[in-house]
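First up is the structure itself, then whatever we jot down about it.
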Amino acid sequence: MEEEMIIGISTSFSAAHSIPGHKKCGKVHGHNFKVEVEISGKVKENGMVMDFFDLKRIVNEVVAKFDHTLLNEQIEIPTSENICLRIFSELAEKGLNVRRVRVAENEDKWAEIRR
């Protein structure tokens, strides 16, 4: 029986945002966001679920549109949660069997979705 395997990569982007109506984060400020993505699938004959380079390329295509931008221009309320949901959705639309996406604003604040 073939087992399902989980693989993952991490990448990052820098961006600014403000959270409308938030007392502290309502002003434009920036973060160096870290993004972690995990996908799952069967190990193919080549010994891989997916080539890490291909996975990183696809994730970077999605994340690149956020790099060095004002996130409010792309996501109405650009919380870490909504950024995470957007990345998850766009990766799923590209046909990846996404298991987990984590978006971290810094070392001690992040949002994560798992399926």
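First residue shown is number 1, and so on along the chain.
Using the three backbone atoms N, Cα and C, a Cβ is placed for every residue, glycine included.
Under the heading active site, proton acceptor, Swiss-Prot lists C25, citing similarity to another entry as support. Within the same chain, residues at least six positions away from C25 (active site, proton acceptor) with a Cβ under 8 Å of its Cβ are S18, I19. Taken residue by residue with DSSP, C25 (active site, proton acceptor) is part of neither helix nor strand, so it is coil.
Taken residue by residue with DSSP, H68 (active site, charge relay system) is part of neither helix nor strand, so it is coil. According to Swiss-Prot, the feature active site, charge relay system maps to H68 (among others).
Residues annotated as active site, charge relay system in Swiss-Prot, with similarity to another entry given as evidence: E105 (among others). Cβ neighbour count for E105 (active site, charge relay system) (all protein chains, 10 Å cutoff from its Cβ): 19. When secondary structure is read from DSSP and collapsed to three states, E105 (active site, charge relay system) falls in the strand class.
Swiss-Prot lists H17, H29, H31 with the feature Zn(2+) binding site, giving similarity to another entry as the kind of evidence. Sequence-distant neighbours of H31 (Zn(2+) binding site) (same chain, six or more apart, CB under 8 Å from its CB) are S14, A15, H17, E105, N106, listed in sequence order. In the three-state DSSP scheme, H31 (Zn(2+) binding site) falls into the strand class.
A simple Cβ count within 10 Å picks out one of the recorded positions H17, H29, H68 as the most packed, and that one is H17. Here H29 (Zn(2+) binding site) is positioned 12 angstrom away from H68 (active site, charge relay system), judged by their C-alpha atoms.
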